[in-house]
Amino acid sequence: MLRWTTAGESHGQALVALIEHMPAGVPISQDDIALQLSRRRLGYGRGARMKFEADDLTLLSGIRHGLTLGSPIAIMIGNTEWPKWTTIMSPEALDLEDPEVAKAMASGRGAPLTRPRPGHADFAGMVKFDHSEARPILERSSARETAARVAAATVARNFLRETLGVEVLSHVISIGASAPYKGPHPSFADIEAIDASPVRACDKTAEESMISEIETAKKQGDTLGGIVEVIVEGLPIGLGSHTSGEDRLDAQLAAALMGIQAIKGVEVGDGFAEARRRGSEAHDEMVRTDEGVDRETNRAGGLEGGMTNGQTLRLRAAMKPISTVPRALKTVDMSTGGSATAIHQRSDVCAVPAAGVVAEAMVALVLARAVLEKFGGDSLAETKRNIAAYQEYVAGRLEWGEA
């Protein structure tokens, strides 16, 4: 089974992504990964950190001459700001008798962060892990960690492209109270135009509404969330399974999206709108075609019974406003128990456009795992042979002659 994990802290020396059981022969380059990481930094409303937080990439293992080897892949993203944090984030014990060390740990970046931010991992993490301050929690819970996931997912994206010819696309539906985009669903041919939009929007009117929301929030010292949509065309029938809850592909995709920092809701297809419809209006009726079976609608978002049904996969994720609010919220100082205002770390006004790129990454990883579970293969060539045989079977299974 394809597996992935990440390690590292926001201001630590580096982030590391590890991918296991990726077949041999998948093309991948440092430029491929750098491109996806640059897309993650996109977006109107990002903070100053994006301007100098370069991604210093090193491909450590599992890749040779531009191809995966079949062995574990390790990718490191160095922190170009590490020299400023060597004392504060040192893995070695500190000598607090040293005046320079004591000074660094008593003020500025090193000062204890005892006032947890509402909406963040600070409070529960400090209690759960018995930390006296929030630094050990916020360093790992920071969305900076998603850079490692995006790096790992680049390999998965290339695998999906090589095996199925599919691409994973996202766009922003709305930011804050902006008028939501209700136009036609984009295709991968629209990706350059979407990425060229400051808010990764499909439509100029929607873009202007989103930018207006961000400008207003910035002036008011506030932050914003929003909704992103992920679309994948061309998936075969039968990825995932109905046989158990954990095998259902929609459950896996929802879990992966909910695992992104600040995501508070996930919708498959028309999702919550389906709950307001009658059954006769909610489901995608099937029609016979010369090629087999098609649908008149795609309200299910390409998933039925936990399996892909051959229609376009469509998912939405709702991101809450960033919890580091410039006009600090009320909290409790964990060192004294007294009322206080929350700590303020450098952050964005809005990170919804970037969340779409991270959502693409998680969908790509889950889909790559589903493809390998269905088709197997120790090499890319073997997986492609298995897929070709299955596609031949499906074509025959749905062949009844002219409609």
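Placed from the backbone N, Cα and C atoms, the Cβ positions cover glycine too.
Residues or ranges marked as NADP(+) binding site in Swiss-Prot (evidence: sequence analysis): ARG40, ARG46. Per Swiss-Prot, the feature FMN binding site maps to ARG140, SER141, SER142, GLN261, ALA262, GLY305, LYS320, PRO321, ILE322, SER323, THR324, ARG346. The annotation compositional bias 'Basic and acidic residues' is assigned in Swiss-Prot to 277-298. Swiss-Prot lists 277-307 with the feature region 'Disordered'.
Ranking the binding-site residues SER142, THR324 by how many other Cβ atoms lie within 10 angstroms of each Cβ puts SER142 at the bottom. Each residue contributes its Cα atom, and for ALA262 (FMN binding site) and ARG40 (NADP(+) binding site) those atoms are 15 Å apart. When the alpha carbons of ILE322 (FMN binding site) and ARG40 (NADP(+) binding site) are compared, the span between them is 16 angstrom. For ILE322 (FMN binding site), the number of other Cβ atoms no farther than 10 Å from its own Cβ, over all displayed protein chains, is 26. DSSP assigns SER142 (FMN binding site) to coil in the three-state reduction, placing it in neither a helix nor a strand. Reported as a whole number, the C-alpha separation between SER142 (FMN binding site) and ARG40 (NADP(+) binding site) equals 14 Å.
With respect to their backbone Cα atoms, ARG40 (NADP(+) binding site) and ARG140 (FMN binding site) stand 18 Å from each other. The Cβ neighbour count for ARG40 (NADP(+) binding site), using a 10 Å radius over every protein chain in view, is 24. For ARG140 (FMN binding site), the count of additional Cβ atoms within 10 Å of its Cβ stands at 16 [all protein chains shown]. Here the Cβ of LYS320 (FMN binding site) has 15 other Cβ atoms within 10 Å, regardless of which shown protein chain they belong to.
The compositional bias 'Basic and acidic residues' (277-298): residue composition by secondary structure is 4 helix, 8 strand, 10 coil, according to DSSP.
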